[in-house]
Each structure stands twice: as C-alpha cells, then as structure tokens.
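Notes to accompany the following structure.
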Amino acid sequence: MAEIRKLKNYINGEWVESKTDQYEDVINPATKEVMCQVPISTREDVEYAVRSASEAFQTWSKTAVPRRARILFNYQQLLQQNKEELARLITLENGKNTTEALGEVGRGIENVEFAAGAPSLMMGDSLASIATDVEAANYRYPIGVVGGIAPFNFPMMVPCWMFPMAISLGNTFILKPSERTPLLTEKLAELFEQAGLPKGVFNVVHGAHDVVNGVLEHPDIKAISFVGSKPVGEYVFKKGSEHLKRVQALTGAKNHTIVLNDAHLEDTVTNIIGAAFGSAGERCMACAVVTVEEGIADEFMAKLQEKAADIKIGNGLDDGVFLGPVIREDNKKRTHSYIEKGIEEGARLLCDGRENATEDGYFVGPTIFDNVTTDMTIWKDEIFAPVLSVIRVKNLKEAVDIANQSEFANGACLFTSNANAIRYFRENIDAGMLGINLGVPAPMAFFPFSGWKSSFFGTLHANGKDSVDFYTRKKVVTARYPSPDFN
C-alpha cells in the first residue's frame, strides 16, 4: 500500500510541517477513499503564520497599488489556465459534479478579477474647498493581517471572496480552510506564488478549534472573515469582537422560494430542482422551502416529482451525474434523522432520498416533503442536504409571512409574471438576496453577499463595496494653504 501523503501548512512562502502530531483523513465522499491527511495544527503554527504575515505587511502595504493589481491579474490568468484541474480537485474533495465544480471555479476567478481593480477600489475622495484656503481629502489604507475561516462546501469560491480582495488592498492574509477540503487550497497557494506574490503575504494554516481560536484571539490579527454554520459563526463573531477585531460572519440559511399561480411551470420546476438538489443541498443559497399557491400546487408537485426521479446520482466525475454525495457519513446520518423526524411530525414524504443510498459513498437522493407546516423541525432547521419542504398557501402575502417567520434571512426567490407581485415581494420579504424567476440569487462579486437576521453577524458583508470598506481603514487629511501673493 502506498504511503498516504501528509499535507503541510503554507507559511512565509514555504511548505512547512505543522508542530502537531494529529492528522485527519481527507476522504473522497463518493468513494470513501483516503486521499491524504491534513494536520490539525497548533497555536504555535498560528503564531508563526501571524509573525510572517506581520513582517510581510510592512512592505506589501507600501507596494504600489498598480503593482499589487498586476500580481492579482497574473493570478487570474493562472487560475483560468488551471481551471480543469481546480474543478477536478473540488469534485474529488467535495463531491459536487464537474459542471458545478467548473462553475465554482468561474465564480472564484470572478472575485479575483474584481480584486484586480484595486487602483480604482482604493481611491479616496476630496473636496477642494471646505473653507477659505482649506481643502480635505480622504485616503484608504489596508488594516493589517487578516484571518479567513472557510467552509467545505465551496472550497474555492468562498476563500476567493476573502483573500484576493484583502491582499489586493494591501493586507496580508492567513487562511484556515476546511480540514475536509484542503487540497484545493494547496493549489490556490501554489498558483498565487507563481503569480509573483511575495513571501508571507498569503499563508495557509490547516486545523480545527485550536487554529480558529488562535486566529480569533491573536492581537496582531485585525479582522476576521468567516463563512459557515450559525452556531460557529455566532461564536466567531462574539469571540472576535471580544478581542476588538472587525468580524464578518456569513452563516446559516433556510431559503424560501415562492411559486405563484401565473409562474411558468416548466422553467420554475427546472430552477427549483437545481436550487434544491445542486451541490447536494450543501450550500447557504439552496432552496430549502417552496411555498406554492394552491391553484397550481398539484400540477407543480407532479412535475417536481417527475424531474426529481430523473436525477442521476453518483460520483461527480462520471458523465451525466447531477447529484453527488454529502460530505461525510455523519452528514448522511444527520440527513436521515431529519427525514425520519419529518415523517414523525406529519409531513408527507413524496421522494425518499434514503432509497438512493449506496455503500460506495455518502449518498442521499433527492428528498421531497409535502404538507409541511411551520411548527415542524424540517421547516425550522437548516438541514444542509438535498431535502426540500413544500407548503401550500392561499396567496403571496401568506407565503411572505411564512418566510419571514424563519430565523434565517439569507435569500428568497419568487416565480411570477406579475410586476405588482414582484414589487410586493421585494418590499416585504425579510432576506438580503432576492431572486425573481431564478432559483439561486447569489450575486456577482461586485455586489455584497448580504444575508440578514441569523444568516449574518457583522456590519459589512463579503464582496462588493462592503468588502473594500471591510479590508481598509480611512485617513482624512484637512489642510490649509494660505493664499500666496503671486502679483
């Protein structure tokens, strides 16, 4: 048997062994194959990374902005040239199909492209005359060393929300990727080095609780970007804030999709199938609940079940596969327990994903419940799996009222051809990202990823102008220039 490779941390431009003696298997969720082992690093590893990032900040923060932008542009080109390999790594580690993985790579590259616009993004503003012979100007500066804590479900896109922008704006960065998907991060670091990034500007420390707490508590780390579950996100926000850091924590979701009687049924069902079961439902923008008007409900449910039955389940590397595995055995068991809870609490199970499980991987098939009510566990909790709940409603107002009862408010979608309904939905739904006649309302890089309520803790969101404000601080200079006598 070949020896299993042990991954290293990437600190100060070098691949270095962790100080730990603890390693965790990195498993292909479609085959249960152990691909490598990732170190569960120590606070000593974090300390070394912070020291390296702090030293690098002294020169990187003063590097000319166009020079930083050129390195980001080089990085974008290298990512584009290696997109097939990046997608393959995502599928091997995460399980999503190749098409979805390529889409994720594209969204990650999009964020690098946006970050490469640093010369424009870093611009301040000025007022030539605020009083006699007095002018004022506002300048942006990087804030220092930034920490990022990323999840397993989007191992490229989510880190690319964080480190390209932070680095382009003059900060240095320490990334803790998910210990379940570290191989993609290894490739991201290799390509960034090839792009010409100086040592210490970007660092990767693998691990779990000790690394997270080390990042949250270290006085030389000035800001934290986090994406993950609500309980962990709330902890990160509180702990980081306690240590006087800027924190943005993007957390859980229970996204509702509303289908009105005038919706184009075929397109609506196709969109919802993709939104509910794409990426095995393991995404914070997944459609978790459909509220459908009674007039179209029976026809909608028939088409939904028909399309769900046609979904091909399997290894994401295989041709034609739509639905890959969930990430681990524990996630599979947790999903099964939610299915059992839904049945126990009175929901009607129309498609049972347990029937599609195989011994080869952590597979759960598309699962659909009808006649769900808001007192049921499957409506309340974020399941993070290919499980869809359907509620039948009398009208749009009832659908919006139901969605607004959720503690989460990440995204919401509406399918209709009625302009008045769209306006009512936009003005009354409690959610930060809305979709009209589309299933996944995730914005592009130049708009903020803006969840509400328990879907976000902080003030400045990821992406868009919010990210520029989050990773910079401002200095206002007011100057008096007495009028000279040129006569």
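Backbone N, Cα and C atoms are what each Cβ position is placed from, and that goes for glycine too.
Between the candidates SER126, SER229, SER279, SER406, Swiss-Prot assigns the NAD(+) site shared with ALA150, PHE152, LYS176, GLU179, ARG180, THR251, GLU382 to SER229. DSSP assigns SER229 (NAD(+) binding site) to coil in the three-state reduction, outside any helix or strand. Fewest other C-beta atoms within 10 Å: among the binding-site residues SER229, THR251, that description fits SER229.
When secondary structure is read from DSSP and collapsed to three states, GLU382 (NAD(+) binding site) falls in the coil class.
Using a 10 Å radius centred on the Cβ of LYS176 (NAD(+) binding site) and all shown protein chains, the other Cβ atoms total 27. In this structure the C-alpha atoms belonging to SER229 (NAD(+) binding site) and CYS284 (active site, nucleophile) are separated by 9 Å.
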